[in-house]
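Participant: One structure, pasted below without further comment.
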């Protein structure tokens, strides 16, 4: 039975789980129908997931495949549970070895992947009898996938064994399962038996409770018989289908909530005697990009296909009997042998867009901005720490460089100024009081304010943060402000690991931008120190833990202390995220040192490049303690 926290982490890390993870009773994954989105722990969330079937991959390779999925930018894995794989005879159950479902959930947790689970009872999946046990046919008159009492009795018996095993792994219980599918594409089955679907829904609720999100998946033609009130409706389709028409049809069954494609086809299955199926890279990537632009959650089927070992392949009836090949390569982004393909790198590039802070406002400030004629302080909007974005619009065209300044040293403490998303420079308390700007009427002026720490000595006055006076552009005091209190730490926890790619303009000031990547370490190691050569100023997180500020350009401190228990060892995936506020180096990299640089240059380094060749995954690092 899984503990309240995901059991994947080494026991050494357990004391820090309260720092890295929300408590079980605060964890939630729900549908926010009012705003057409998911909420994870109360923050807007969208998953980009991939299908991988543990029963098609040798257990010893599970970790490798899951790690490659996470490093591709995915934040969830979707998989089926084949009934016939676990109950070979009535009442005889096998959850050992390659059938150890709990071990697979554990590996997914180690890889920092959420789970979208599809336990059937029917799964299709091109698997033997669609996952239903052949011994059901020992009753020749049985009506499969209906409310036939014989079928329901067998289903009930199976789920009373399976679902309690899953219960501790539900997200709100501290596990990684965020949603569970009821049946599978039932609308494509001839029976259209709503009594059967209602029975399943009731069974899932009885055994799993009311807090887990239950959903259905159907092709566009199956939504009528496959959807059911009380279960969230999702759809599946591929790159060749009309996304606009299908999502419009989905809205007839699920008028409000996030759009979800539960099976976006990266390839297709193969039949004996026919050519190997392929899907073009351009079509697959274009379709994914279009869905992501809509804000949809997407699962790619398959991300890694694997193999139909033994006698487990299924068959189709399409005018004639068509048995499916042993290979389930599926032309997937990760090949049958586990190799990354050109399709993987193309898809990763779609996911891996640089994370400009302004692009994340809906997530950083989920309740929307506060409006005021004059700018308000952090304290006035109940923002204690971190960052707040102030936004207004130019009321006239400024065609010549014109002074922007804040009277009475009114920047507390550091302001990053952007016009229509282009970084202009910094205003700083007591140090830098003016910038020169141009912009057309209606141009968007954004000022990101950083709280650098309230006075603790030397003054008895209250140290308010933010814009204490309205900024002045030329001779005009700027009014009509929108203020976005930013919840940066929540974004960092679930934001995808996006590799930073080389670009021709990397030397230009980029403004406030998130960068993230993943790395693994060899052995246990010890404490270490993070060095960010060439980076300018910002905030850094490791595995969701806020290490603090870096200010490499200013000094004297050049490294940040990384306590050993924050790092996952033995090949587990670590995530580092930086909010660089000004300028990223042209050759961005991070280094782990065996001693600090507080005002010295003697150090031993272990380098992990954030701009490494995207065709090769990162190599694990060895970290020596101090």
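Every residue, even glycine, has its Cβ placed from backbone N, Cα and C.
Annotations per TrEMBL:
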type: ACT_SITE; residues: 185; note: active site, proton donor
type: ACT_SITE; residues: 263; note: active site, nucleophile
type: DOMAIN; residues: 38-352; note: domain 'Glycoside hydrolase 35 catalytic'
type: DOMAIN; residues: 375-487; note: domain 'Beta-galactosidase 1-like first all-beta'
type: DOMAIN; residues: 512-568; note: domain 'Beta-galactosidase galactose-binding'
type: SIGNAL; residues: 1-28; note: signal peptide
Participant: Would you mind listing, in sequence order, the residues at least six apart from residue 185 (active site, proton donor) in the same chain with a Cβ closer than 8 Å to its Cβ?
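Facilitator: Counting only residues 6 or more apart in sequence, the Cβ neighbours of residue 185 (active site, proton donor) under 8 Å are 124, 217, 218, 219, 222, 226, 236.
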Participant: Mind tallying the domain 'Beta-galactosidase galactose-binding' (512-568) by DSSP state, helix then strand then coil?
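Facilitator: Summed by class, the stretch gives 3 helix, 28 strand, 26 coil.
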Participant: Per DSSP, how many helix, strand and coil residues does the domain 'Beta-galactosidase 1-like first all-beta' (375-487) have?
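Facilitator: Split by secondary structure, the domain 'Beta-galactosidase 1-like first all-beta' (375-487) comes out as 6 helix, 56 strand, 51 coil.
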Participant: Determine the mean pLDDT over the domain 'Beta-galactosidase 1-like first all-beta' (375-487), rounding to the nearest whole number.
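Facilitator: PLDDT averaged over the stretch: 94.
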Participant: Please list residues from the chain of residue 263 (active site, nucleophile) whose Cβ is under 8 angstroms from its Cβ, counting only those at least six apart in sequence.
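Facilitator: Listed in sequence order, they are 51, 217, 236, 237, 299, 301.
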